[in-house]
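Handing you this structure, nothing more for now.
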């Protein structure tokens, strides 16, 4: 049997086949592992790779390209390198490292790549942001002018912090650095409850770098019990995580905080602590065969921290008026603030809160050294009433410290010196505060006003804490709120009478 095929039919058939033929090309640039060890893989063949690009190994482990050399690419591995062998294929992803950001992150605990580790499932609606971005320029910024209350009397009165500021918390191990940071997060609970709009709310990001997992779990428990997780994000790169993740975690947390800053909201980010990030970066740099410098840190360790902390800023009204406040933590060795990393970060930040072991063991907690602690821009953001009340506080404490050193040797002191010692001891007592008990600003104003104006001068030192509790529990709410307006002229009459009456009962 013969089949006759007409040319027109054949043409139509071929045309329809060609029209419906889709080819979906996917071009992958593939490299091969030349050597691997100590969390570093040398890869040959990735000629077009970008610095900081994410790559994927055949085993599924990811890494980031940091060294682009003539012969090969130095890649730091996010995870265990035991599953990577010489000759394995490595694929470019084409994307620079990014993390999820947005309000969906609030209340969650994530790792340095933004993957949830709290066992509460995947993240809901969110956007993705690059971890490394340029800091806002000069024109996009505005001077710091809004207060960021920590709830700690010693900080809010003597070293006030403003929204958009970078204030370093520095001290030896076990001096209460993390306690100040946590108290600041807890204090935002009452501040946010008073907020009338989204622009007044302050969201918190806590980045734990190189800490024990048990410590991070304890922190999560403290925040959840205080209902503070609802406005907080926790980024954890624990001690058991690879060095690249500890290096990356602060940038990831910063990208999450920048979401709020760039959308007209306010955020606070705590880096606890940047000493461990510098150590992780030193480890990576030495393994990548980069030349070491002072204390074996690489030459760009200053840039490591400056590019991170410059991203904390107060935005101008034209760019949304949002802010990102940074509280970096640095651990010193035996109180040496002149070491390499501490001096670097002190020079980058807008002030520092210095904590001392000696004060901590003497029971002065928070153990803030008032003489060394400073806030370079915060006073512009301090409440007017607080500024009036604590104007003489720093001077009196400085004079007290000076005289107290000599008073140990001589017993025959004149009346003025004895009065100064007496007042200084009481001011020091008033600035003490238990952990996880932040005070609203109006209560701080009342307590400091009482101490500065001599209501505690004739009172035994052990009665001062009781006096503080008494006045805070019995003062009328209207009178307390009126303190924010300042304590001058006629406004002083009612508080003075109230404080005097309470003081007389304890003398």
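Cβ from N, Cα, C; glycine included.
Sharing the features that Swiss-Prot gives for it:
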- 171, 172, 173, 174, 175, 176, 177, 178: ATP binding site (BINDING)
- 373: site 'Required for activity' (SITE)
If I take the alpha carbons of residue 373 (site 'Required for activity') and residue 171 (ATP binding site), what is the distance between them in whole Å?
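Their Cα atoms are separated by 11 Å.
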Is it possible to get the count of other C-beta atoms within 10 angstroms of the C-beta of residue 173 (ATP binding site)?
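If we count other Cβ atoms within 10 Å of residue 173 (ATP binding site), we arrive at 11.
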When the number of other CB atoms within 10 A of each residue's CB is tallied over all shown chains, which of the recorded positions 174, 175, 178, 373 has the maximum?
175
To see if you understand the setup: which same-chain residues, six or more apart in sequence, place their Cβ under 8 Å from that of residue 177 (ATP binding site)?
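Long-range Cβ contacts: 169, 170, 171, 272, 273, 329, 331, 355.
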Count, for each of the binding-site residues 171, 176, the other C-beta atoms lying within 10 angstroms of its own C-beta, and report the residue with the smallest count.
176
Report the residues of the chain - excluding 171, 172, 173, 174, 175, 176, 177, 178 - with C-beta within 8 Å of the mean position of the site's C-beta atoms, for the recorded ATP site, in sequence order.
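In sequence order, the nearby non-listed residues are 331, 355, 357, 360, 367.
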Check residue 178 (ATP binding site) against DSSP and tell me helix, strand or coil, would you?
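SS state of residue 178 (ATP binding site) = helix.
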Determine the Cβ neighbour count for residue 172 (ATP binding site): the number of other Cβ atoms within 10 Å of its Cβ.
18
When DSSP is mapped onto helix/strand/coil, what comes out for residue 173 (ATP binding site)?
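In three-state terms, residue 173 (ATP binding site) counts as coil.
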